[in-house]
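TrEMBL has this to say about the protein:
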DOMAIN    5-345  domain 'Kinesin motor'
BINDING   97, 98, 99, 100, 101, 102, 103, 104  ATP binding site
REGION    490-541  region 'Disordered'
COMPBIAS  498-509  compositional bias 'Polar residues'
COMPBIAS  524-539  compositional bias 'Polar residues'
COILED    635-676  coiled coil
REGION    695-742  region 'Disordered'
Ligand code: ADP
Ligand code: MG
């Protein structure tokens with residue numbers, strides 16, 4: 001692949017009057033890129049061109065002054081392109097400039113002198129010369145010649161027509177395939193085996209063009225002509241074909257319609273005579289701007305046809321033709337400005353290779369025949385398609401005797417005939433399979449023998465035994481695990497039934513209907529939910545597994561846990577973290593919203609800048625104002641806003657990232673604390689349950705219930721005075737008793753324990 005920007009050259013047409021020469025200068029310092037300076041005469045600077053700059057400087061790859069010969073132009077501009085076309089790349093050379101600036105002279109040449117012949121005939125001559133020299137490849141050359149006038153394509157080489165007007169010529173239309181490749185329907189391709197044939201086609205086309213032109217349509221100034229050399233090459237015997245196209249383009253005059261305002265005022269409006277040049281400019285602008293995804297190629301036929309030449313698979317060169325006379329200053333400046341934009345366009349030329357299936361088949365057929373011939377020479381016999389019956393029989397006999405031969409050195413000799421070798425293998429395979437089937441059908445009776453006979457079988461048996469052992473072990477482990485799990489479940493069941501039997505009656509709720517304490521369990525689950533809602537699904541399920549026993553808790557235990565949790569030293573940390581987490585979530589949410597706003601604002605600003613830019617360019621075109629020389633304040637403002645917004649976006653994004661890390665960290669901390677709390681509660685509860693069991697069924701003074709071990713010193717101190725406070729005990733009679741002394745005593749014990757807890761924590 002060759003990556004290259006479009007190469008731009010300038011050519012200045014000789015002027016008639018010598019005194020006009022002072023309006024431009026060429027700076028050709030060898031170290032620097034050559035530049036062309038156009039100097040505005042004072043009278044023009046004061047009025048005609050409405051900004052006051054006195055000179056304009058434009059850079060070109062090379063600048064060819066008035067005395068440049070056609071030969072020099074060809075050598076420096078066209079020859080390198082022709083060379084890359086010969087190498088298999090697409091190439092385009094187009095001339096751009098106002099009418100009379102020398103486009104046709106440069107591309108096709110002058111009509112008078114041989115030495116005046118232009119790029120097309122010289123390139124044809126060069127290409128055919130090279131093709132003749134290169135005998136390593138087979139080349140095919142075709143020519144097409146297309147004229148585009150008023151968005152219509154005409155085939156200038158149609159042999160069936162004697163054109164008297166452009167409309168008589170066959171109309172060419174553009175077709176686009178799903179891969180966005182352009183195909184020109186009705187454009188004839190003519191093979192040219194020699195330079196002469198190709199030149200004849202050029203002249204036929206030029207003549208058709210001339211005949212078809214009338215003073216009315218001014219085709220030569222208002223139409224584009226694309227002369228294309230299609231070159232195919234392939235190495236002898238290869239099925240890979242290379243295709244390359246060279247477009248030599250003579251564009252319509254780039255001059256603009258000038259409307260003079262009332263009283264011979266300044267130019268108020270100037271537009272391209274040619275709409276398709278306007279579209280060409282649009283394409284060039286789009287291509288020269290970074291990040292433009294849509295390029296309006298389809299707007300005109302010319303840009304569709306030259307699609308590959310502009311920002312595509314092509315090596316493209318532009319020649320800006322300039323007629324640097326005083327009256328043409330503005331046109332010359334716009335030609336140069338256009339060239340500067342064109343120079344920004346990057347192309348990527350690739351080799352266009354394809355495999356010709358027909359050629360491939362022919363090649364393979366040839367190869368097969370050659371191999372067959374070679375084989376016949378080696379074996380000394382001509383092969384037929386298949387072996388005869390007799391040959392097959394003969395072979396099978398050979399195989400049988402080979403197999404029966406007890407001599408270990410015996411050989412099966414069938415010669416170098418691959419068909420015979422293959423048959424031998426097939427026959428042997430068949431024999432082997434037959435034997436296998438036979439063995440299987442007689443297997444059971446032979447089993448015993450095999451086991452003791454073959455050492456290999458012994459090894460296999462050992463292996464299987466090992467595997468069996470391993471599986472046994474695995475099963476044992478799994479059974480053990482299952483047992484443990486079952487035991488755990490049973491323990492839990494037992495524990496809860498102990499709880500229940502101690503603290504409640506039967507399997508029903510520990511709180512009989514109407515128990516005023518019942519509803520208190522609700523805030524517990526609600527707060528748990530609130531706590532868990534902040535955790536990720538993964539984490540919450542993990543946590544759930546760890547704290548799953550809570551679900552199996554009796555309501556009494558749940559309530560005790562609630563109180564335990566509240567008075568636990570860690571609960572302060574959990575609560576704090578919960579608050580911070582809530583804040584961070586809110587902050588993250590707000591940040592996310594702001595980030596989205598900033599993002600859409602950036603999008604809007606970018607859009608505004610593009611629109612503004614397009615407006616400015618349009619203004620430049622219509623008023624001949626050099627766009628880059630006028631810093632647009634609004635655009636500047638929009639750009640600085642854009643920068644500011646981008647900065648804001650970045651800052652917020654960084655903050656959000658930091659927040660995410662913080663949130664995740666906090667969540668992990670909380671999960672850990674919750675698991676710890678649960679564990680400690682379980683330990684405490686178990687202890688309490690045992691001690692209750694010991695003291696049951698008598699309702700004993702409550703002071704044997706140990707305070708929560710996790711209670712901080714401060715909390716403990718705080719709860720101390722409260723515990724000394726005389727708290728009216730809930731009358732036992734207010735609890736509806738069951739009448740079952742065991743259960744009732746359980747209930748009483750529970751109430752006592754509960755009261756104790758509440759008293760210590762100042763809950764009541
Ligand atoms: P365009 O195609 O841009 O309208 P032409 O190529 O027809 O311009 O040139 C206009 C006239 O100027 C023609 O008569 C042409 O022979 C002459 N001319 C253009 N360039 C040169 C040049 N470099 N040397 C001599 N004559 C030229
Ligand atoms: Mg011309």
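Here the Cβ of each residue, glycine as well, is placed from N, Cα and C on the backbone.
Note that this is a predicted model, so its numbers are computed, not measured.
A map of TrEMBL features onto the structure.
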| residue | record | Cβ contacts under 8 Å, 6 or more apart |
| --- | --- | --- |
| 97 | ATP binding site | 103, 253, 254, 320, 321, 322, 323, 331, 335 |
| 98 | ATP binding site | 253, 254, 255, 323, 328, 331, 332, 335 |
| 99 | ATP binding site | 221, 253, 255 |
| 100 | ATP binding site | 13, 253, 323 |
| 101 | ATP binding site | 13, 321, 322, 323, 328, 335 |
| 102 | ATP binding site | 11, 13, 95, 321, 323 |
Subject >> Those binding-site residues in 97, 98, 101, 102, 103, 104 whose CB falls under 6 A of ligand 2, listed in sequence order >> reply: 103, 104
Original post:
So which of the binding-site residues is most packed in, judged by how many other Cβ atoms lie within 10 Å of its Cβ, out of 103, 104?
Top reply: 103
Subject >> Env. residues of ATP site, Cβ within 8 Å of mean position of 97, 98, 99, 100, 101, 102, 103, 104 Cβ >> reply: 13, 95, 105, 253, 321, 323
Subject >> Candidates near ligand 1 among the binding-site residues 98, 99, 102, 104, judged by a Cβ under 6 angstroms >> reply: 99, 102, 104
Original post:
Per DSSP, residue 103 (ATP binding site) is which: helix, strand or coil?
Top reply: helix
